[in-house]
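Structure record follows, encoded as structure tokens.
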Amino acid sequence: MGLSDGEWQLVLKVWGKVEADIAGHGQEVLIRLFKDHPETLEKFDKFKNLKTEDEMKASEDLKKHGSTVLGALGGILKKKGQHEAEIKPLAQSHATKHKIPVKYLEFISEAIIQVLKSKHSGDFGADAQGAMSKALELFRNDIAAKYKELGFQG
């Protein structure tokens, strides 16, 4: 299920564009996640009170958390599948502290793909979308395996 070198190049090329405005991308990803899957908002005590898209856009905390999420994901993507050291603490915190189900990781993966499609259509064609989908699936599968080791049925 690994990616080819060419697929990793496509992933990292578009990710460079994400990193140029990580806060903006992170904010958009979280807003899309919360709009498309409102149940995910319940996992975020800090954001539960944000009811409208305008409130979400005005939240510095949401923008900051979006940067944190995409920053961590970027670090994982740059490892090109050799991300054991990065995945382990992330799975630990998301299983034991935050209790984030794998399904929610699927939801945020969808949000990432949609945001990249809307912001970078010229650099995110079918090949790049397919490569990013595979990379995010690899990430989710590895998180799910760690969840299982930890006894979390997320």
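Every residue, even glycine, has its Cβ placed from backbone N, Cα and C.
Going by Swiss-Prot, these are the annotated features:
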- 2-148: domain 'Globin' (DOMAIN)
- SER4: phosphoserine (MOD_RES)
- HIS65: nitrite binding site (BINDING)
- HIS65: O2 binding site (BINDING)
- THR68: phosphothreonine (MOD_RES)
- HIS94: heme b binding site (BINDING)
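Sequence features annotated in Swiss-Prot and their locations in the structure.
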{"residue": "SER4", "record": "phosphoserine", "Cβ neighbours (10 Å)": "10"}
{"residue": "HIS65", "record": "nitrite binding site", "Cβ neighbours (10 Å)": "18"}
{"residue": "THR68", "record": "phosphothreonine", "Cβ neighbours (10 Å)": "13"}
{"residue": "HIS94", "record": "heme b binding site", "Cβ neighbours (10 Å)": "22"}
Collapsed DSSP category at the residue listed as 'phosphothreonine': helix
Cα-to-Cα gap, the residue listed as 'heme b binding site' vs THR68 (phosphothreonine), nearest whole Å: 14
Helix, strand and coil counts within the domain 'Globin' (2-148) (DSSP): 119 helix, 0 strand, 28 coil
PLDDT averaged over the residues of the domain 'Globin' (2-148): 96
Alpha-carbon distance [the residue listed as 'phosphothreonine'; the residue listed as 'phosphoserine'] in Å: 27
